[in-house]
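**Student:** Right, I'll just put the structure down here and ask away after.
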Amino acid sequence: MNLVAGAFLRMLFLLSVQPRSTGVAGNTYDCETPLASSLPRASFSSSSELSSSHGPGFASLNRRDGAGGWTPLVSNKYQWLQIDLGERMEVTAVATQGGYGSSDWVTSYLLMFSDGGRNWKQYRREESLSGFPGNTNADSVVHYRLQPPFEARFLRFLPLGWNPKGRIGMRVEVYGCAYRSEMVNFDGKSSLLYTFNQNTMSPTKDVFSLKFKTRQNGGILLHREGQNGKHITLELVKGKLILLLNSGKANRPSPDASVTLTLGSLLDDQHWHHVLIEILNTHVSFTVDRHTHRFQAKGESSYLDLDYEISFGGIPGHGKSVAFPHKNFHGCFENLCYNGVDIIDLSKKHKPQILIMGNVSFSCSYPQTVPVTFLSSRSYLALPRTSGKDKVSVTFQFRTWNRAGPLLTSQFQHGSGALALVLNEGKLKLSLSQPGHSARDVTAGAGLNDGQWHSVSLSAKGSHLNVMVDGAAASMAHSLSGQIDLGDNYYLGALYEQSCEAHKHRGDSSGLYYIDSDGSGPLGAALVYCNMTDTAWTSVQHNGSHLARAKSSDEENLPPVVFKYRASMDQLQAITDRADHCQQELAFHPKKSRLSRHHDGTPVSWWVGRTNETHTYWGGSLPDAQKCTCGLEGNCIDSQYYCNCDADRNEWTSDTVILSCKKHLPVTRVVMTDAGQPHSEAAYTLGPLLCWGDKSFWNSASFNTETSYLHFPTFREELSADVSFFFKTTASSGVFIENLGITDFIRLELRAPAEVTFSFDVGNGPCEVTVQSPRPFNDNRWHHVRAERNVKEASLQVDQLPSKTQSAPADGHTRLQLNSQLFVGGTATRQRGFLGCIRALQLNGLALDLEERATMTPGVEPGCPGHCSSYGHLCRNGGSCREKHRGVSCDCAFSAYDGPFCENEISAYFGSGSSVTYNFQEHYNYTFSKNSSSFVAFFSEELTLTRETATLSFRTTGTPSLLLYVSSFQEEKFADQV
């Protein structure tokens, strides 16, 4: 399984572990009754037990029988103690003790809860991301009041820390009371219509309150309309709740005629979510799980001036104002109230105010399927085949942000073939291979890497195979060769700059630099030449920059030169992958030596690329380009051919080709042979690998609201973590990235205007490393952050400020265990979000495509303008900074200087009798010198150059004056004068 596939699998079915807190307020009546102590022993269960006397049945608070509490077989962070309360209860507090009279107690723990005992949710304390505080001895009781309380039938205590001189030991109590709950279940086709009497009910304020849970990412929760298109609609759209308010100003177009408020994310997680809507004339308060959005409409139009009908779960067919596509809600409501009226209770009693449309039930079943998460690139599920021999039927759902990765594979019996379902470029591809037959593919769906749930159905019977995605069949169905016969299982399943572009925007001039294209990845740094022009060119030299002979008149064909570069092939691939464009120049100097035969076009010369493949094309970025430069420009010495070499003349000619297909570069060998040609000679020169651009360095996103963020797969690096990025902002604080685990977490944030903090917890308690600056970071200029954590220490550096380091505990935990999605620009709680721009984000050497993700995320935009504010100072001597989509350039038009930063003087004054003589010398740097002196010494006088170009500008008052004089080693070439 490749790394890309592994990254994809880490995101499969992630919904089950995404934590979200509830928003149910506690009851005002007494709700602190002990619930666990009266339960039978069978209501307690655990991951393991040290012995029968240490079993979970002895875990009630203050219990002394047995061994006096629960102790697992092994004390580690994977143990749990579970309580079944028998029915759904309101839980308001918990309490813990250690094992009676022992040295076994828990110092911190995590609390999980569930309705059905399968789909669990973590209770998160608002004041802390860590677990609950535990005990300091065996017998004292530690209480913790839950604010807010929650409703559940099952609870789990997960120990996080314990007495280092003992074991895990727990006795617990749960406090609460009976929970009154009215539920209604909608099947996606049903709804409720509530009609109230306008004479008895004319409210000055509307209040809607409900809880919902669903596995579907869309549907209408409630709808109320009035005249002239006025309406209020609450809809779940792609896992987010949207409140749409239309004031009905149909005849007077206005930007505030329709208002959309959005809250929540991933709300289709089959957990309860609380919604509260309060409307007072033009004032609207919209709350989802304790996060509130308030709005006041302009003008005097009231949202209370609506009809006396409200629909829940869908929109009746006779709706007057709904002009947008919609679908009914599929899931459960709980405690649905409108202005204190219990809508579900009225429905159960079939009161005349309620019209039930379709099939509704007044209970909420627990899900029979539970999502699973693939935690690493080596994770998979091997599922036994259950279908009959002549039939295959597989259905599943998946969700991911990744564009590629395997979903399902299965081998045919007796080696007769295999099939694979993979995600490729956001599309589902079914690949089928059978011996003796060419591989066949079927593609279905598009944009499936949008973070939403997608259903897949694969069926095969006899020799017919079909795949469907989200209910839509593939464009064609395969006809298999013979009877399908699948196997027994299905398988699911010191930092350098990183480019010359980065060096350029540090203000570095042309020169030799080490670049580390994969950052903290496994590849080392490579030595390259950075040629800083308007574009930063990366030049990678090889050992054959001099002229190489391929044939001579007195010798047989010479063995081809094997070009060895200053970088390894893996490093070269990383450089070309990161670059926007790469090229390599190959110059031929033949005499009666051709590239291909005239009569049949058979190549007699070729070159070998990075992957040791032979190539016979000679120009451009496409393998079918069979022209040299003269053929592309239409000026070959013989118009019958596209290369001067193929004219087969008994004189020295030359051809130049530019190879620019990145996946084939660099050139590793050139072979020139033209058997049967008497007196033929040939030579060639190969230039360095040249690349420009950096696709990752300028990859950026703009975060426009504090509640906006980007989701990425969980950061799976337990022993080491390396994060680097640039940011710019005017905000005083905000979280750059956050990833959470059960108790472990990692976070980078701007904590204060002049303070960046790197914090994390690997089980030893929160650790922080902070860099403070004498000047604020929120100056709307780019700042570079580098954070690293390993088993020995953690470090943080911002810009060129001194790095801050903190050592890890000598005997502490070392593994960082995370399970939530990676949040960029925000947090799981949607608090303390970042306002500004982030770019060039890399985690352990892997670049995250912020721009691609931003195109599909509300509140986030791809790209970030304003680079001149950070890099304009690089333009010197009167040069002007010019903004580009990726970086800046310096306009030196009004400066007496030239170069990328307007630093190079370009003018000179010649007094009477003065001159400058320039001798062309051999130079090993091919980027700047392609001279012919060694070539002339090597070959006879018969070689003539076909073209040389010289350009200059001048200003003078004296005539006549000699401007340019050129001579070769043998003769004068030309002179020009005014």
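Placement of Cβ uses the backbone N, Cα and C atoms for every residue, glycine included.
This is the feature table in TrEMBL:
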type     : residues      : note
SIGNAL   : 1-23          : signal peptide
DOMAIN   : 31-177        : domain 'F5/8 type C'
DOMAIN   : 183-364       : domain 'Laminin G'
DOMAIN   : 370-530       : domain 'Laminin G'
DOMAIN   : 491-542       : domain 'Fibrinogen C-terminal'
DOMAIN   : 699-864       : domain 'Laminin G'
DISULFID : Cys837-Cys864 : disulfide bond
DOMAIN   : 865-903       : domain 'EGF-like'
**Student:** For the domain 'F5/8 type C' (31-177), what are the DSSP-based totals of helix, strand and coil residues?
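**Tutor:** Per-class counts: 9 helix, 66 strand, 72 coil.
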**Student:** Ten-angstrom check, please: count other Cβ atoms within 10 Å of the Cβ of Cys837 (disulfide bond), all chains counted.
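**Tutor:** For Cys837 (disulfide bond), the count of other Cβ atoms within 10 Å is 22.
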**Student:** Restricting to the same chain and to residues at least six past its boundaries, which positions have a Cβ under 8 Å from a Cβ of the domain 'EGF-like' (865-903)?
**Tutor:** 501, 504-505, 507, 509, 532-534, 536, 693-694, 697-698, 728, 780-782
**Student:** Would you count the other CB atoms within 10 A of the CB of Cys864 (disulfide bond), including those on all shown protein chains?
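**Tutor:** The answer is 23.
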**Student:** How many helix, strand and coil residues does the domain 'EGF-like' (865-903) contain under DSSP?
**Tutor:** 7 helix, 12 strand, 20 coil
**Student:** Need one number: mean pLDDT over the domain 'EGF-like' (865-903).
**Tutor:** 87
